[in-house]
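Here's the structure we're looking at; comments come further down.
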Amino acid sequence: MMPRFETIFAKWAANYDDTVLKNPGEYHEVFEGYTRILATIVEKLKQPKKGKVIDIGTGTGNLAGFLIKAGFQVMAIEPSKEMRKIAKRKFPELEIYEGDFLNFPEKLRKVHGIVSSYAFHHLTDEEKADAIRNFNQHLVMGGQVIFADTVYENLKFKEELLRDTKARGYMGLLKDLKREYYTTIDVLKNQFTAAGFEVEFTRMNKFVWIMDAKKIKEVEN
Ligand SMILES: C[S@@+](CC[C@H](N)C(=O)[O-])C[C@H]1O[C@@H](n2cnc3c(N)ncnc32)[C@H](O)[C@@H]1O
């Protein structure tokens, strides 16, 4: 069933960096502080400097690029062929695999970090729970999952945000918020806790939060 948004990303790949860095249009509040958000993920990664880190849904490789610069050994996962091609062109040294949150190489074990930006909402809540349980198997004890993504503080906030987006005439963004699987902090908190992690959330802009989850126990998948 996964992934399901290939045509969107195949078309978007060529001008993705321009959109997020220069012309976000209706998405300006979603991508506000984009570079700072990616840099914060790297800062929060309290792991050995040459540690192994997987970046899932790497897109054009922006987060992977920051991680390489910080000295981490990075393995990137990306379902879109067009995105992989651009990431590889930008970062020839990047180890990049075709895959997604639920299907990535089994051999990527005992990693120190699993990171992602602007991508986890492509999974339904049920798929998110499966993915998080699987992350536990791939991480060393004390390893971290650090994701930045749009998350709703709660359901009341979700309603208000959808109403506000509609009132401002951002119909493309509204369609996206309704079509994809943006969830709430409580759902994610429960999923990470049940899968052997302690987790904290930090708001980065009106839409995006960083969730920083540390593996504190082994959990059978
Ligand atoms: C909005 S882009 C984010 C790219 C990059 N991480 C960034 O921060 O700029 C979302 C990326 O997630 C990828 N994607 C879509 N469905 C996915 C899935 N099920 N698992 C992993 N990645 C997925 C898309 O192909 C796309 O490259």
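For all residues, glycine too, the Cβ spot is worked out from N, Cα and C.
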Given TrEMBL lists GLY57, ASP100 for S-adenosyl-L-methionine, the same-site residue among GLU32, GLU78, GLU126: GLU78
Cβ packing number for ASP100 (S-adenosyl-L-methionine binding site), 10 Å threshold: 20
Same chain, 6+ residues apart, C-beta under 8 Å of the C-beta of GLY57 (S-adenosyl-L-methionine binding site), given in sequence order: ILE77, GLU78, PRO79, ASP100, PHE101, SER116, SER117, TYR118, ALA119, PHE120, HIS122
Where the record names GLY57, GLU78, ASP100 as binding S-adenosyl-L-methionine, the maximum Cα to Cα distance in Å: 7
Taken over the domain 'Methyltransferase' (53-143), the model's mean pLDDT: 97
Structural state census, the domain 'Methyltransferase' (53-143) (DSSP three-state): 35 helix, 24 strand, 32 coil
